Ligand code: PEP
Ligand code: MG
């Protein structure tokens, strides 16, 4: 039987399931006798201490295997264990209402989670997930449960669970856990992102997969298609063994392209770059053959902490990326793009009805000049260590670009006065992600050194369809003729002024989009590091000359469906 879900991490695994249902955490609510209270309190405190020790271990393991950023998640969990409001409320309930520790924990957790979740704020909702995770850890300690997830598996297994918290995912034994499937979760959930980093095939959002499988059942997790086969017969297993071999072989073939050029079959050269969120990602980008960084989302340096990163901290991060990439490979660093779905707890901003249309990114930076200047100083100082380029997000008017450049000039002058070195010839470009900017690209191209098209936002603004809203997802279509025509217009405008143009929205890494974008003349494609080699493989089979005609024809088609079908049949199926 086949069940569909969301492809969270690529790869195929065939193995025996270890199923863990949600209801494993069971206890009875009890009213304590007065003389039991002290012992119960001590038992609770012991569980807090044990959880803290466990988290210390997890944090070390994650820092070592994944990096500082991921390790911070567990630091946040530890903070909950030290939080007098949370822990104090549990102890108070236990003492005043004389309930057992499990009940006190669950009731306090529920009220805190309800408060966090009712906040109309992505950051706080994430805190609710953290609070659940840490409470689950406390609960297991109280109940003395050593769950399946941390069991010593004697053979390779496929985990089938309701949900995997980030702690669960981080603690998985990678030698033994070969894949997982979960009832809930989306492609951008923490666990899915970690699964991709750990290269464990995973399918999430399967609603009731824990009901469909028993421990010991044979299961196939296809993280490429987002499918799970439940108790497959021999023929299905054989077909998937072949698919698995083909995938491994394909990965080997792609790996051979690490040092190859990004060039089409007829000799047209483009740049394949990676999008990163922290300096460690740059190492992965190089390993995956990226020829540069097309987008460093610096806001991640500002997130998951209590105050703004200092100039020195930022300088160290930008310098590290520049050095990792070397003198030749370009590193496009985007200035702070906060707002929309990315919030900072310590930046006290007013609530807005439409945060994506609100006070964000360059708008905020032009208003909070000191904040902007600190980042620009760090960027300029780091510019002597590699090939750094600066990029402003969300530019909508020429005036914004000019004002940003004026502030940059002020920072340059300050550095000169202090005899601090920086690269005087550093390129300064802008993201084209606001439709207004796309429409005046000819004017902007006169004053920007390059463009990078941010389709993630551009699509939502052009189509008036929130990029986070599933109900209007049918409108959020990169292949809608309106999007492709705008992209065409932007590329032409840049080239007219002799400027290069890239794309750093997710679209740049899509198999169907690459032939079109290439035909439209895009110069740089920036994507997740793990997509670079696949893209290079495709590129090397494509013919630039004929794609120029194809792309012009595509612009005359009437819908996204028609365009996708055309590219599939006329280009990809013929390779
Ligand atoms: C974009 O909008 O396409 C983009 C790359 O930026 P972000 O996804 O960070 O908004
Ligand atoms: Mg954007």
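The backbone N, Cα and C atoms fix where each Cβ goes, and this holds for glycine too.
For 190, the entry in TrEMBL reads active site, tele-phosphohistidine intermediate.
Other Cβ atoms within 10 Å of the Cβ of residue 504 (active site, proton donor) number 29 in total over all chains. Following the DSSP three-state reduction, the secondary structure of residue 504 (active site, proton donor) is coil. Annotation comment: TrEMBL describes 504 as active site, proton donor.
The phosphoenolpyruvate binding site annotation in TrEMBL covers 297, 334, 456, 457, 467. In sequence order, 295, 296, 297, 298, 391, 392, 393, 431 are the residues near residue 334 (phosphoenolpyruvate binding site), counting only same-chain partners six or more apart with C-beta under 8 A. A strand conformation is recorded for residue 334 (phosphoenolpyruvate binding site) in the three-state DSSP classification.
As annotated by TrEMBL, Mg(2+) binding site applies to 433, 457. For residue 433 (Mg(2+) binding site), the Cβ neighbour count at a 10 Å cut-off comes to 26, with all displayed protein chains included.
Feature annotation from TrEMBL assigns domain 'Phosphotransferase system enzyme I N-terminal' to 4-127. This prediction places the mean pLDDT of the domain 'Phosphotransferase system enzyme I N-terminal' (4-127) at 86.
Residues annotated as domain 'PEP-utilising enzyme mobile' in TrEMBL: 154-226.
Sequence annotations record features per position, and here TrEMBL assigns domain 'PEP-utilising enzyme C-terminal' to 252-543.
Neighbour list (residue 467 (phosphoenolpyruvate binding site), Cβ cut-off 8 Å, at least 6 residues apart, same chain): 356, 456, 457, 459, 460, 476.
The 10 Å shell around the Cβ of residue 297 (phosphoenolpyruvate binding site) contains 19 further Cβ atoms across the protein chains shown. Screening the recorded positions 334, 467, 504 for a C-beta under 6 A from any atom of ligand 1 leaves 504. 433, 456, 457 are the recorded positions among 297, 433, 456, 457, 467, 504 whose C-beta comes within less than 6 Å of an atom of ligand 2, given in sequence order. Take 297, 334, 456, 457, 467, the residues named in the record as contacts for phosphoenolpyruvate: the widest Cα to Cα gap among them comes to 20 Å. Of the listed binding-site residues, namely 456, 457, the sparsest Cβ surroundings within 10 Å are found at 456. Distance noted between the C-alpha atoms of residue 504 (active site, proton donor) and residue 433 (Mg(2+) binding site) is 10 Å.
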